[in-house]
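Colleague: Just passing along the structure, written as structure tokens.
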Amino acid sequence: MVIPTLPETRMSKRLRNSEVCADCSSSDPRWASVNRGVLICDVCCGVHRSLGRHNSQVRHLSNTSWPPTQLQMVQTLYNNGANAIWEHTLLDLSSITSGKRKPNPQDKAHPNKTEFIKSKYQMLAFVHRLPCRDDDSTAATDLSKQLHSSVRTGNLETCLRLLSLGAQPNYFHPEKGNTPLHIAAKAGQVCQVELLCVYGADPGAPDSNGKTPIHYAREAGHQDLADRLVEIQYELTDRLAFYLCGRKPDHKNGQHFIIPQMADRNVSLELSEFAKAAKRKLQSLSDHLFEELAMDVYDEVDRRETDAVWLATQNHSNLETTVVPFLPVNPEYSSTRNQGRQKLARFNAHEFATLVIDILSDAKRRQQGNSVSSPKDNVDVFFKNMGSRHGSESQEIDQPDYDSVASDEDTETDLRVGKTDRTKSLDSDLSDGPISVQEFLEVKNALSASEAKIQSLMKANSNLSEELRLMQKKLQSLQSENSSLRRQVSAQQSYQAPGGPDHPNPSSPSSSSSSSSSSVLKRQLSARASRPMSMYETGSGLKPFLPKGETPYPEETFPTLQPFPTYIEKGVCVATSSSLPFLPSSSSSSPSCLRDESVQRASKFDKQSSVSDGDYDNTVNESDLNDSGFGRRCRLRSSGWMGDSVSIPELDDHECEPDPSLPSTEDVIRKTEQITKNIQELLRAAQENKHESFIPCAERIYVAVSEMAALFPKRPRSETVKTSLRLLTSSANRLQSECKKASPLESSSAADMQFVTQQVIQCAYDIAKAAKQLVTITTKENNN
């Protein structure tokens with residue numbers, strides 16, 4: 001594979017002009033992007049800095065200490081038109097399709113120059129693209145082999161183009177047994193060595209015989225190049241030492257490390273427990289994790305030094321504000337590492353210097369292969385005196401660590417606040433041993449599973465909310481229809497009591513009862529035949545008209561959901577009567593007394609019909625029951641868990657035993673999930689018209705409700721808990737009753753089945769509502 005180059009005639013002259021910014025053509029560029037081989041102006045430099053060192057390594061041409069060979073490499077690349085590599089499609093007239101335009105010096109930094117520079121260097125939108133191939137690894141291998149062959153020549157821009165396309169600087173040639181850096185060192189190509197090392201080539205990598213590029217350079221007689229490779233090998237520690245004391249080790253004489261000393265040496269001898277723990281934590285890191293930490297500190301040193309040069313050289317009144325308060329996010333790193341890199345910006349000069357010294361000390365120990373020394377011998381403090389100094393700043397103790405770091409509006413004053421939080425966070429991080437990769441992956445997988453479950457629950461909740469909204473809309477429509485029909489009935493119909501005695505004669509029970517029952521049956525049939533038809537009636541809706549003196553049946557004294565057709569009404573009445581509490585035979589509940597009470601309650605319910613909500617909550621207002629004890633017994637029996645048919649003794653609120661502790665939130669949530677899962681199966685069966693599945697689903701819901709109710713005490717102290725449990729269990733009982741009506745054995749029309757389905761869905765909603773209330777109550781109580 002041969003990489004095409006731009007023809008010499010199409011090479012723009014202004015790309016060869018060393019006094020023009022590569023991104024906006026401004027004159028007198030004073031900054032350089034080392035890894036891109038271009039010169040840039042002050043405005044474009046601010047955008048480059050915000051991209052991060054993984055995209056652009058920015059250095060000032062005159063106010064930064066440059067290795068001479070590295071500066072020579074950058075100038076050579078720029079003079080040879082390296083900018084054409086990054087703007088290939090903009091210069092190639094045949095491939096201009098996007099309409100992108102290179103900004104002018106007069107354009108604003110935001111958004112014109114910013115978007116262009118991000119597209120150019122971060123997205124590589126204008127770089128020449130090779131034809132797509134099925135095997136990307138083969139293409140990368142071909143590019144790396146071309147790089148291995150090209151570094152022996154002085155064609156620097158060709159190697160840069162290969163690196164931009166994905167060639168690997170540390171590629172180990174399987175046939176020749178070495179890397180491109182070995183070849184460049186042997187050939188004495190100083191600029192090629194600098195370019196490879198900028199892109200990550202390892203000067204200490206051995207070949208198949210164990211020789212490094214340093215050996216290759218010395219054997220070929222390139223002594224200066226060998227010395228430069230040694231400097232590159234210790235570039236990280238040299239940069240850290242130079243940041244603290246302005247000196248570099250003398251590698252030619254065998255000095256490879258400089259460990260600066262703190263000015264307040266006497267104070268640093270008093271090691272706090274936190275500092276000792278931090279030192280042990282640093283020393284216990286594996287070599288890989290220590291390398292990552294050292295690289296992050298190196299990037300922070302580069303950011304601080306570049307920021308100092310930037311502040312000292314710019315006329316900020318003429319420039320748009322460009323602030324880089326912390327290291328930009330590197331997408332190749334994990335979010336945890338990026339957060340740790342950003343936290344380095346919150347270290348003040350003393351804290352950061354202490355960390356740098358500890359890294360230099362441990363790097364020297366690891367390089368020389370020494371064992372870990374005892375804490376008594378360590379006088380270099382990690383985060384020294386942070387506890388005492390941060391004690392006076394405890395007013396910011398509740399601020400999170402990452403929020404203030406990740407804000408672009410942070411100033412230097414903002415970076416000093418919240419240090420007590422940082423101390424607590426770091427102390428917590430350092431309290432345990434090193435975290436293994438396996439533990440990290442387990443936590444990450446668990447987090448992913450939790451997020452997926454949350455999304456699933458949110459989707460299910462959204463679906464149920466939508467179904468509830470549709471049901472409410474339909475309910476309102478039906479209520480409106482019933483109200484209209486009632487008005488028509490009241491306006492058009494007038495009933496008259498038939499002739500004959502209003503009450504049967506007690507002295508002649510046989511004749512009177514037969515005539516009475518016959519007249520009642522006729523009146524009921526005529527009333528039902530004349531009533532308007534609708535899907536259902538609300539709980540306090542109309543009841544069959546009874547002439548004056550007629551006594552309603554006992555099962556009709558409670559407001560129930562009853563459709564108008566007679567063949568439906570019969571089934572509903574039977575189910576309703578079966579769900580009524582059993583009344584013990586006593587003088588107060590004799591048939592005559594019961595009939596009198598029923599008449600009184602029926603009149604009260606009729607009065608409430610004008611203000612009824614018309615929902616499915618077939619309950620009676622307890623305040624309307626008289627003091628005969630009937631309402632109290634009904635409430636006690638209907639509030640019994642799981643709908644037990646046996647009688648429950650009457651409870652006295654003043655005699656209840658102390659309420660035991662509520663169950664844990666985890667147990668309640670687990671049972672609620674079982675209920676929710678079964679409800680979803682029931683709703684799915686309802687949507688698919690699988691009415692034969694109603695009864696099995698109802699039974700599973702009943703079992704789940706029973707298990708959840710068993711978690712709570714039999715006599716809860718909280719009225720809210722008691723009410724929620726009553727709603728939960730009674731709704732489960734009603735659900736079983738309604739699902740039995742959908743049995744295939746019952747011969748029902750489509751309208752009947754639709755009504756039953758609505759009743760089933762409402763019962764399921766009541767169960768879910770009660771379960772949610774119990775989860776909320778237990779969560780609140782357990783958190784108090």
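Including glycine, each Cβ sits where the backbone N, Cα and C put it.
Found this in TrEMBL, in case it helps:
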- 395-412: compositional bias 'Acidic residues' (COMPBIAS)
- 413-427: compositional bias 'Basic and acidic residues' (COMPBIAS)
- 478-496: compositional bias 'Polar residues' (COMPBIAS)
- 508-519: compositional bias 'Low complexity' (COMPBIAS)
- 581-592: compositional bias 'Low complexity' (COMPBIAS)
- 594-607: compositional bias 'Basic and acidic residues' (COMPBIAS)
- 608-623: compositional bias 'Polar residues' (COMPBIAS)
- 9-134: domain 'Arf-GAP' (DOMAIN)
- 366-432: region 'Disordered' (REGION)
- 478-554: region 'Disordered' (REGION)
- 581-629: region 'Disordered' (REGION)
- 176-208: repeat 'ANK' (REPEAT)
- 209-231: repeat 'ANK' (REPEAT)
Colleague: Count up the helix, strand and coil residues in the domain 'Arf-GAP' (9-134) according to DSSP, in that order.
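Modeller: For the domain 'Arf-GAP' (9-134), the helix, strand and coil counts are 53 helix, 11 strand, 62 coil.
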Colleague: Could you please provide the mean pLDDT value for the repeat 'ANK' (176-208)?
Modeller: 96
Colleague: Tell me the residue counts in helix, strand and coil for the repeat 'ANK' (176-208), as DSSP assigns them.
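Modeller: Taking the repeat 'ANK' (176-208) as a whole: 17 helix, 0 strand, 16 coil.
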Colleague: As a quick check of your reading of DSSP, tell me how many residues in the repeat 'ANK' (209-231) are helical, how many are strand and how many are coil.
Modeller: 16 helix, 0 strand, 7 coil
